[in-house]
Amino acid sequence: MNKTIFKLALKNLFSHKTKTLIIMILIGLGSFLVVLGLGVLNFAEQQAKNVCESDFCGDIFITGKPADKDVFVTIAGAYKNVNTGKLPSMPYLSKIEKIEAKLHDMPEASVFTRGMVVGYGMLRPADLPDMWEPKSENFAYMPYATTLGIEPSSYKKTFETIKVYEGEFPDSDDAEFILLPPKVKEKYEKYYERELHVGDEVVVMSFGEKAKLRKIKVSGFFTFAHPDTAVQDVLYTDINSARMLAGVTMGARTVTEIPQSIDLSLAEKSEDDLFSDDAVGVTEEAESITEKKATAEDLENILGSTELRNQLNMADTDAWHFVTVKLKDPSKTSRVIADLNKWFAEEGLIAQALPWDKAVVQYAAAIKMTRTLMIAVLVLLAVVVLIVIMNTLVVSVMERTAEIGTMRAIGAKRSFVRRLFYTESFLLSCVGALCGITLAIIAGLIFNALGIRLPNETMAVMFGGYKIQTAISPVAVLSTLAAMLAAGVIANWYPVGLALKISPLEAINK
C-alpha cells in the first residue's frame, strides 16, 4: 500500500470524526451480531450432534431401506414426507448377521448394538379403572414417549449414558423390563395424579396402523448423560416387548409352513357355504353342546385348536430394525457411511447407513430451521447496515467535492482517487470489524459464564438443548472479517464512482 495514500486516508478519517465513528459503529455492530449469532448456532449444532451420537444413534445408524422413496426412516420410526394419515411401517433390517460380521471385520468400527423401534406411545397404570377420566388441567401432561427396544448387554457397551438412579439396569438380554426417564415419570404422575415406583405395572400403548398394548413392570428410572438435551421423552424396553408393541410378530411375516394338525377345511368354504340356511357350518360337536349344559372346557374347545393363533402372536425373534455403530475415529464417519452403502448395494442387502442428522431428522431439522431463520435475520441486518454506510459515504463524497477536485487539478489521476477511497474503506471496515469481533468474543465468554437455560421445550428443540451458549469458531471470525471488508468495498463502489466523475473545473466553480 502506498504510504502517501495511507497517510492521506488516515488524515481524512480523523478530519471527519463523526462520520468515521458512525460507520465504524455500524460495521462493528454488524460484526458483533454475526459472530455472536453464529457462535450460538454453532454451539446448538454441536450440542445436538454430541447428544445424538453419544446417547442415541451413534456415529452411524444402519436400518432397513424402505421401498417407497417418500418414506424416510429415523430412530423414532418411519415417516412420509407428505402425511396421508397412515403411518408407514418400519422396514426390517434383513440379514443382520451378515451386517454384524462386516462390522466385526471393519477396523474403523469400535462397538455396535442392535434394537427395535416402537415409535410413539403412551403409558397408563395397569390397574386404571375403565371409567377413569383425567382432569382437564392435566391434559398437558399426557405421558407420551418414544419407545426403543434394546439389548442391555451390547447397548450398555455402546452407550455408556444411561445412569439408573432408582431400580437397576437389566443384567440379561432375556429379561422383561422398562426404564423411564424423569420427564416421562413426572408427566405420568401429574396426569394420573399418582406416584410411580419401581415394580409398578404399567401398560404401554403404541400408536400405528393398529394400537398394541403391553403390560410391563417398571424396572427403574434413569437420567441421560446430557441432562440438558431436548430429547427427554425416550424410554427403553426389552426387545421382545418392543417387537410386540411394534406389531413384529410371527403373524406379520409370511407363514411358509403350517402344522399338519391344523384343520383348514373352513378356509376352503365360501361365505354362502358358511352362512346359508341349509349349511350353517355348525359341527355336530357344537350342536351337542347347545343341546346340553356346556362346561367351561366345552366352550374353550368349540373353536378347535388355537395352536396356530398362539404361534402367530408370538414375537418374531429374528426381526430387527436398526444397528447403531460407534467409530474409533468419528472424523471418518462420512467415508465409512459411503463404504457401507456401497457394500450393501454390492451384496444385494436392503439396508442403508445414515449419519446422525438423518437418524434424528426431525430434531436436526428444527435446528436447521433455527439456523436458517437467524442467518436470514443477520443477512437482512447486513443489507440495512450496508445501505446506511453507502448513504453516509455518498454524503461524505459530496462534502469533499472541492477536495477531490483540487487533487485532480494538481495532477492526481483517477486511480489515485480510487485507491484513496478504497484505503479509507479498508481501514474503516477492518478496525470496525475487529472491534465488533473482539466485543463478540468477550460477550460470548460472559454469556457462557452466566449458564443461561431456555425456559421451554420448544425453544430447547430449536437450539439443540436447554443450555444455550456460544462456540465461536476461527472460521466464523475470519469469514465475518472477510465479509465486512467485502461489504466495505461494495458500499464504497457507488460513492467512488461519484468521486471519479467530479472534474477539476466543477470543483473550482463550487
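Count begins at 1; order follows the chain as displayed.
Quick reminder: no glycine exception, Cβ is built from N, Cα and C everywhere.
Unlike curated entries, TrEMBL annotations are predicted automatically.
The transmembrane segment annotation in TrEMBL covers 21-44 (among others).
Annotation comment: TrEMBL describes 373-398 (among others) as transmembrane segment.
Helix, strand and coil counts from DSSP across the domain 'ABC3 transporter permease C-terminal' (376-504) read 105 helix, 2 strand, 22 coil. According to TrEMBL, the feature domain 'ABC3 transporter permease C-terminal' maps to 376-504.
Residues or ranges marked as transmembrane segment in TrEMBL: 426-451 (among others).
Taken from TrEMBL, the feature transmembrane segment covers 471-494 (among others).
Non-local neighbours of the transmembrane segment (373-398) in the same chain are 16, 19, 22-23, 26-27, 29-30, 33-34, 37-38, 40-41, 404, 421, 425, 483, 487-488, 490-492, 494-496, 498-499; each lies 6+ residues outside the stretch with a CB under 8 Å from one of its CB atoms. Per-residue confidence over the domain 'ABC3 transporter permease C-terminal' (376-504) averages out at a pLDDT of 82.
Away from its own ends, the transmembrane segment (426-451) comes close to residues 9-10, 13, 20, 23-33, 35-36, 39, 467, 469-470, 472, 477, 480-481, 484-485, 487-489 of its chain (Cβ-Cβ under 8 Å, at least six residues beyond either end). Long-range Cβ contacts of the transmembrane segment (471-494) within its own chain (Cβ-Cβ under 8 Å, at least 6 residues beyond either end) map to 27, 30-31, 34-36, 38-39, 42-43, 46, 382, 385-386, 389-390, 393-394, 421-422, 424-426, 428-430, 432-434, 436-437, 440-441, 444.
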